[in-house]
Amino acid sequence: MGLVGVQENGKGEMALSLGNKSKYKRMDSELSDEFDDEASNHYNELERKKSIRKYVLACAIFASLNNVLLGYDVGVMSGAIIFIQEDLKISEVQEEVLVGILSIISLLGSLAGGRTSDIIGRKWTIAFAAVIFQIGAAIMTFAPSFQILMIGRVFAGVGIGFGVMIAPVYIAEISPTVDRGSLTSFPEIFINLGILLGYVSNYAFSGLSVHINWRVMLAVGILPSVFIGFALFIIPESPRWLVMQNRVEDARSVLLKTNENENDVDERLSEIVAAAGMSNGEKNEEKAVWRELLSPSPPLRRMLITGFGIQCFQQITGIDATVYYSPEIFKEAGIENNSKLLAATVAVGVTKTAFILIATSLVDRVGRKPLLYVSTIGMTVCLLTLSLTLGFLGHGQLGIALAVLCVCGNVAFFSVGMGPICWILTSEIFPLRLRAQASALGAVGNRVCSGLVAMSFLSLSRTITVGGTFFLFALLSALSVLFAYKCVPETKGKSLEQIELLFENHNEWQGSEVEMGDSEHLVQKA
């Protein structure tokens with residue numbers, strides 16, 4: 001019995017041992033399952049973040065398509081005007097008016113765009129802009145006379161005004177804070193892409209008959225706006241506009257689609273609701289927007305000076321004159337053949353487009369102000385050198401080479417800073433309740449200055465020479481460096497609601513920037 005007991009006991013021990021072994025296997029299996037679950041969750045989270053980034057990127061691209069129209073018009077008109085002048089027999093004054101009127105008229109679209117986007121929403125304002133431009137482009141394509149051509153330019157200008165004003169506002173309102181700068185620079189990227197396409201169109205269709213070529217050039221501009229129809233099925237409405245309409249749950253749904261961290265959504269939504277003056281679901285009483293803009297508080301006055309000022313400096317430094325009249329500039333330097341003139345303008349377009357991509361990759365890492373300093377200083381040097389080249393070197397290979405280099409250098413430095421940062425700042429510095437209409441006011445300043453420069457360049461160059469005109473642009477560019485130093489704060493890494501607080505105390509801008517930089521270094525070290 002004892003043996004049996006031992007055997008039984010042994011069997012029992014063996015059974016226990018086997019039981020333990022089996023138990024260990026189950027624990028290992030559970031740990032493995034937990035690890036697999038964590039890995040799966042991590043993978044799903046990464047996939048979700050990638051999906052959200054692609055979605056926000058698609059929204060920024062589609063919202064920026066109207067800006068291709070502005071860029072295309074600027075680029076294509078620089079070459080098309082040569083053939084329009086020959087076909088319709090227009091005078092130099094009519095040429096200036098035809099080129100510059102689009103910028104002047106676009107201020108009507110920009111001015112109306114703020115109020116329109118507050119009523120029908122940011123998304124549908126983008127669509128409305130595309131429709132108005134298509135009507136204008138169609139009229140220009142079939143215009144039999146200068147008068148009909150001008151009617152088409154008026155429609156196109158209004159459509160462009162709407163598009164230029166609303167795209168940065170929309171993108172800034174849907175973008176995560178960490179990517180807002182680079183995404184809000186997309187409209188400027190698409191303006192540059194449009195300019196390049198306009199130059200290429202000039203070169204590609206210049207071989208057609210004079211009566212046909214400029215019409216084909218203008219007709220091609222209709223194509224980008226067609227894609228905006230597809231955009232309406234993809235892009236959401238701005239969450240900040242939805243909050244202003246008391247559609248808080250709809251805004252939350254959009255924020256879930258555009259923010260990588262779900263935990264930040266409720267916090268961000270609370271900030272937006274508070275900024276919109278809708279705590280507890282009720283709208284607070286507030287002054288009429290335009291009354292507040294015309295009688296601003298000190299912080300709002302600083303915002304308006306910054307936003308309106310940088311929009312004006314972007315244009316009075318002569319970028320549209322450089323782009324619209326690049327064939328005239330190169331002709332002044334000594335290039336006479338039309339094909340060579342248009343080929344040189346393609347080089348300008350390629351340079352302008354390439355350098356805007358550099359700005360997009362750096363603006364959220366380096367910051368707004370450093371790029372703005374590099375841009376304005378570089379533009380000043382290039383404009384001054386171009387002025388001296390055209391004024392003293394005369395025709396010749398050296399003069400031509402320096403002129404092309406300076407024009408390309410000017411547009412490159414513009415694209416690195418002043419071009420995109422102008423729109424980034426005006427879309428992010430204003431309070432939510434004023435953002436659309438204050439941004440529209442800035443866009444009006446931009447379009448007025450653009451029109452004045454475009455419409456006066458030829459007359460001014462006849463009076464003080466082309467070199468003298470660019471010397472004037474160089475002086476204004478030097479002033480823009482001082483403006484950037486005194487009036488532009490660093491907004492990198494701050495939410496739209498935090499930027500409002502930044503303007504409360506103008507004297508702490510520089511100090512807060514240093515403190516922020518120090519804290520970033522400390523975080524990196526930790």
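Glycine residues also receive a Cβ, built from the backbone N, Cα and C atoms like all the rest.
Given the structure is predicted, the values throughout are model-derived calculations rather than measurements.
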### Task
Can you dig out which of the ranges 183-200, 345-362 TrEMBL describes as transmembrane segment?
183-200
### the domain 'Major facilitator superfamily (MFS) profile' (59-492) [mean pLDDT, rounded to integer]
84
### Task
Find the member of 55-85, 97-114, 150-171, 212-235, 464-485 that has more C-beta pairs under 8 Å to the transmembrane segment (126-144) than any other listed stretch.
150-171
